[in-house]
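Asks: Among the features that TrEMBL reports, transmembrane segment is placed at 123-141, 162-181, 187-207, 216-233, 245-264, 284-305, 342-362, 369-392, 398-418.
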């Protein structure tokens, strides 16, 4: 059924061309055989007056003028009926939100647990995780391409931005895993929230964005909460007591790399919207090519990273074999690899499922709902990581200053997100 029921739906139009061509090429509106011409526009002329029309040329285009159309409100009535599945949709969004929160908590906890057996081989885990992303994202992109969602035009966009995105994400994941292996579990979710501060700063600098007062205040509270949580209190009660400055600084720098990569991804979407005249670029195009270059750079970093660990290039092959043996937990030299391969595999699967769940929740609801779902996992994961866990039996004592800093950080995240506009007309998308 056409959007406007009174529009002519049986017009046979041939060769709409410029009047500069010969008369044989002029546009024709021909009646279908066996039916008077005006009846094709109005099958029941006794009840509704026929539609008046005219065709005129303007340079190389032709336009069809229609008169006596019904008002637009009449057409909207055909499509304004409420969705009978609205309550079910709300329930579905609630279930997806709960699943996202659960996966976010599991992702943060398993991130630390997976680094326990792979403490000496964080690069191996980073490479394995990256290749998992490549396989999942390119498989999804292939299915979306066959479904017509991702087009040839999208796949033909310039690839050089993805080179920088892959480089930055590779630096972020490697430095994050190296530092995460050395940090106490509860400190990792706290330090990773500096991503928001970096993202806002780089977005203002690179994209010339301006932000409202509540977002600036939210970022300030996040930064203040991080500082309060990890530095306040006596030296004995600090969460990072005995860790040193290198590893928390490396974790913060890793979030900076990831923040710049996210800003570059945003610029890719903005450029594609202009290039495709308003059509949105499929997100799996960006994630697939970004993860592909990320895997390449993680592999290229191997000689440099092994040199930092004091491993000569000639012994690199032996290091990789030891990493694979530790991951698979086979062989004689697997001391300290207890928990592998179960914990690393669980982390990789959970991490991929979590990212897909966030994208799905964002599509179903809004940026606010997905952001709040991820935010709510921070205090819960901090509490869980402070408890005695398998392969982390000692646990961590949380000082009052750490708890206070965590609360300030959560308030900052809420203040930052509270003014985000809800997604409109999600039922129609």
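Here the Cβ of each residue, glycine as well, is placed from N, Cα and C on the backbone.
Unlike curated entries, TrEMBL annotations are predicted automatically.
Distances, neighbours, how buried they are, the whole picture for these features please.
Replies: Listed by sequence, the residues of this chain that lie at least six past the ends of the transmembrane segment (123-141) yet keep a Cβ under 8 A from its Cβ atoms are 114-115, 150, 170, 173-174, 177-178, 282, 284-285, 287-288, 291-292, 294-295, 298-299, 301-302, 305-306, 320, 323-324, 326-327, 344, 347-348, 351-352, 356.
Long-range neighbours of the transmembrane segment (162-181) within the same chain, counting only residues 6 or more positions beyond its ends whose Cβ lies under 8 Å from a Cβ of the stretch, are 111-112, 115, 118-119, 122-123, 125-126, 129-130, 188, 192, 247-248, 250-251, 253-258, 260-261, 264-265, 268, 286, 289-298, 301, 305.
Same-chain residues lying 6+ beyond the ends of the transmembrane segment (216-233) with a Cβ under 8 Å from its Cβ atoms: 187, 190-191, 193-194, 196-197, 200, 239-240, 248, 399-402, 404-417.
Beyond the transmembrane segment (342-362), the same-chain residues lying 6 or more positions past its ends with a Cβ under 8 Å from any Cβ of the stretch are 93, 96-97, 99-100, 103-104, 106-107, 110-111, 113-114, 116-118, 125, 128-129, 132-133, 136, 283, 327, 369-370, 373-374, 391.
The list of residues near the transmembrane segment (369-392) in space but at least 6 beyond its ends in sequence, with Cβ under 8 angstroms from a Cβ of it, reads 93, 97, 100-101, 104-105, 107-109, 112-113, 116-117, 184-186, 188-190, 193, 338-339, 343, 358, 361-362, 398, 406, 409-410, 413-414, 417, 420.
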Asks: Can you tell me which of 187-207, 284-305, 398-418 gets the most C-beta pairs within less than 8 Å of the transmembrane segment (245-264)?
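Replies: Stretch with the highest Cβ contact count: 187-207.
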